[in-house]
Amino acid sequence: MAERLCNIWQTWHLYQDKEEVVLWMNTVGPYHNRQETYKYFSLPFCVGSKKSISHYHETLGEALQGVELEFSGLDIKFKEDVMQTTYCEIDLDKGRRDAFVYAIKNHYWYQMYIDDLPIWGIVGEADENGEDYYLWTYKKLEIGYNGNRIVDVNLTSEGKVKLVPNTKIQMSYSVKWKKSDVKFEDRFDKYLDPSFFQHRIHWFSIFNSFMMVIFLVGLVSMILMRTLRKDYARYSKEEEMDDMDRDLGDEYGWKQVHGDVFRPSSHPLIFSSLIGSGCQIFAVSLIVIVVAMIEDLYTERGSMLSTAIFVYAATSPVNGYFGGSLYARQGGRRWIKQMFIGAFLIPAMVCGTAFFINFIAIYYHASRAIPFGTMVAVCCICFFVILPLNLVGTILGRNLSGQPNFPCRVNAVPRPIPEKKWFMEPAVIVCLGGILPFGSIFIEMYFIFTSFWAYKIYYVYGFMMLVLVILCIVTVCVTIVCTYFLLNAEDYRWQWTSFLSAASTAIYVYMYSFYYYFFKTKMYGLFQTSFYFGYMAVFSTALGIMCGAIGYMGTSAFVRKIYTNVKID
């Protein structure tokens, strides 16, 4: 099926000799602010004489990412060379000159597309003194073809003309076709950067994280197995004592809270919604990474975002199943309310952030402003796809695994929690719990941030899959250790503690985003800053919810296991 779709897609890129080839002008914006983009013709460029062709957003992802394709008006035909030809003239009055000067001062550059291949060019440049400004007026296109397909495009900007008010500037272009040996399937390879993504530091970070996993798993296994063995031996010995000896003995440890350890968590409605959402985010991450490993999603505009939205909607039953079943096991009765909160928790967070940033984008007249029709489409997906599928998952979860089957009976009266040392308090455990998970992924965060906020195409999804697996293992190990120490201090509030100690990874990721912004980028301006910190908050929160759900699920299995294996009166 995938091969057939690939063949269909390739047929769209077949050309006959002298068939029209469209040069689309996309966006223009400051180099250091990748997301601050505007329509190409928002600058006073002139259009070629050829009849305009309208373009419609092909995908939802393309619309959300601010792709604004406009026809250049240039006459280009397959395998037909064009000598330097003037295609239009700019009447440079003071207002237009000021617009170009502002763009040159802020290092504006533009993006174009030929046959879905991106091309970048710079608007102009200033002299060394910054007094005179020059516009590049000649677009020299060199297009490579292999058979009847376009496989390579290069742009050279020439014709530097000084910007002088009340003059006319002629814009010109030329096209040279050359035969190429590049295969159509490999035509995007030139945009990848193996020296960056496959640098030995990247390999070393993966190896380092993997060794940390082995060490941590070994340490956890050794500590818990030896300690639990001693605990079981001590508890078995206590079982053999008579009542007088047991009363005189020094009873302590996790067994003492067996009547409260399976007590429902505080705020079960919110808690179960977070767990369900975290499980869904994990499923989405796993599926999208696998799809990206199989298919080269970077070859199509907006395909990664479109895939993520589709997979998120399709995996909504996962959210309903895990959230609904957990809420039922904890004795929750307002299951419809829980279903609504679980279904809209993540979409509301993302849409709320996007809505806020959209106001700024509209004020800036940026291409990132989301069209009203796209907003309606997203809302329809939420109400007519995500919500019904979440309902199906909730009903299945409540009926298949909604019955409480705890190995210990829950006491009617909660046991008082004894005083303990400050470092055993849940708040301290939560703050420290996210350090190791963050340490296992922070190098990969640099590569992911650079691909999104700078001009790199992320394609090493095998690395990302390894990092996801490592993150899951580290998170589960850390939360199990934290929970064991908490229960050993006779504090049975482990549900929220296990979730939050893993979710605190998000705090460290967001703190790292501040470091990345100030020391690794040259971003500036209200729009770009709001866009960066707004969506980094969304990313960090989603990552935290996913880690929290993973930590809770692993810890829940551990707690159930240790209390199943101990004899309880």
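In case you wondered, yes, glycine gets a Cβ from its N, Cα and C as well.
The transmembrane segment annotation in TrEMBL covers 201-224, 269-294, 306-328, 340-364, 370-392, 427-449, 461-487, 499-519, 531-553.
Taking pairs at least six residues apart, the transmembrane segment (370-392) and the transmembrane segment (340-364) share three or more Cβ pairs below 8 Å and count as touching.
Stretch with the largest number of CB pairs closer than 8 A to the transmembrane segment (269-294), among 201-224, 306-328, 461-487, 499-519: 306-328. A Cβ distance under 8 Å defines the sequence-distant neighbours of the transmembrane segment (427-449), meaning residues of its chain 6+ beyond its ends; these are 196-197, 201-202, 205, 208-209, 212-213, 216, 458, 460, 463-464, 467, 470-471, 474-475, 478-479, 482, 485-486, 497, 500-509, 512-513, 516, 520, 547, 551. With a cut-off of 8 Å between Cβ atoms, the residues of this chain six or more beyond the transmembrane segment (461-487) that come close are 197, 202, 206, 209-210, 212-213, 216-217, 220, 223-224, 227, 254, 257, 261, 282, 285-286, 289-290, 292-293, 424, 426, 429, 433, 436-437, 440-441, 444, 447-448, 493-494, 497-498, 501-502, 505, 547, 550-552, 554-555, 558-559. Cβ atoms under 8 Å from those of the transmembrane segment (531-553) belong to residues 35-36, 274-279, 281-282, 285, 322, 346, 349-350, 353, 356-357, 360, 368, 433-434, 437, 453, 471-472, 475-476, 478-479, 495, 498-507, 509-510, 513, 517, 523 of the same chain, restricted to positions at least 6 beyond its ends.
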